[in-house]
Amino acid sequence: MPASQPRSRARDRSNVLNRAEFLSLNQPLKGNQESRSSGRKQSAQAGAAGAQNNNPKERRQSQQLPEEDCMQLNPSFKGIAFNSLLAIDICMSKRLGVCANRASSWGGARSMINLLGITGHGIPWIAGTLICLVKSSTLAGQEVLMNLLLALLLDIMIVAGLQKLAKRKGPYDINPGLLDYLTMDTYAFPAGHASRAAMISKFFLNHLVLAIPLRILLVIWALCVGFSRVMIGRHHVTDVLSGFVFGYLQFRLVELIWMSSNTCQMLISIW
């Protein structure tokens, strides 16, 4: 036994692979093994975490997909009717937008249609009412003009609020003008010009003594102002119709809060 040990040691020394520079060939380093094992563990943990994170999303999608399929395959009658009316409204509005731009069929009449629309704008009516109020010397005239001014201011505020809530755009991509920005008439629903024209015409028909031809012309003017906004592509047909309805409701509101002559005189004296 003692003689065999020196022989084995001599063999180990004579073996070239047992030298220090060749140890990496015989035995892999512990650090590499640990790093590889730790990398595998981390990748396995990341995969498990990703699977856990994706599981709730997949579950939600699996829960939502059948409902969405049911909504698409079995839409309600109200949804079908609403979408159909909306499509008809958009189609009619685009067909009636004959002055939407210079290249349209009635593009040459765009300036005249715009001028007709300005007659229903809020700024000229407010300015004209203030001028007439300053020049008026009768109590009855001042009372009517003060209530007309109240109706115009209410129309601007109500229409601007409704447009901000709806945020519906017109059938054509047309930027509002300077006067539209002043009265906050930047969206399509409801049509501010239509509501103002309907309210003013109803106001004049009730509080002014007019001949029958003038009364007919007043109604025709309100209708032309409203539908001129469809012709230039700023509003849909339903925007104009709803504007007429809101204009009538605003007139009824002014009638309910009608200011008496004494109240008007007090406001005029303060002003």
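Note: Cβ is positioned from N, Cα and C throughout, glycine not excepted.
Here is what TrEMBL says about this protein:
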{"type": "REGION", "residues": "1-65", "note": "region 'Disordered'"}
{"type": "COMPBIAS", "residues": "24-36", "note": "compositional bias 'Polar residues'"}
{"type": "COMPBIAS", "residues": "40-55", "note": "compositional bias 'Low complexity'"}
{"type": "TRANSMEM", "residues": "112-138", "note": "transmembrane segment"}
{"type": "DOMAIN", "residues": "143-255", "note": "domain 'Phosphatidic acid phosphatase type 2/haloperoxidase'"}
{"type": "TRANSMEM", "residues": "144-162", "note": "transmembrane segment"}
{"type": "TRANSMEM", "residues": "203-228", "note": "transmembrane segment"}
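With a cut-off of 8 Å between Cβ atoms, the residues of this chain six or more beyond the transmembrane segment (203-228) that come close are 96, 113, 116-117, 119-120, 144, 148, 151, 191, 193-194, 197, 240, 243-244, 251, 254-255. With DSSP classes pooled into helix, strand and coil, the tally for the domain 'Phosphatidic acid phosphatase type 2/haloperoxidase' (143-255) is 84 helix, 0 strand, 29 coil.
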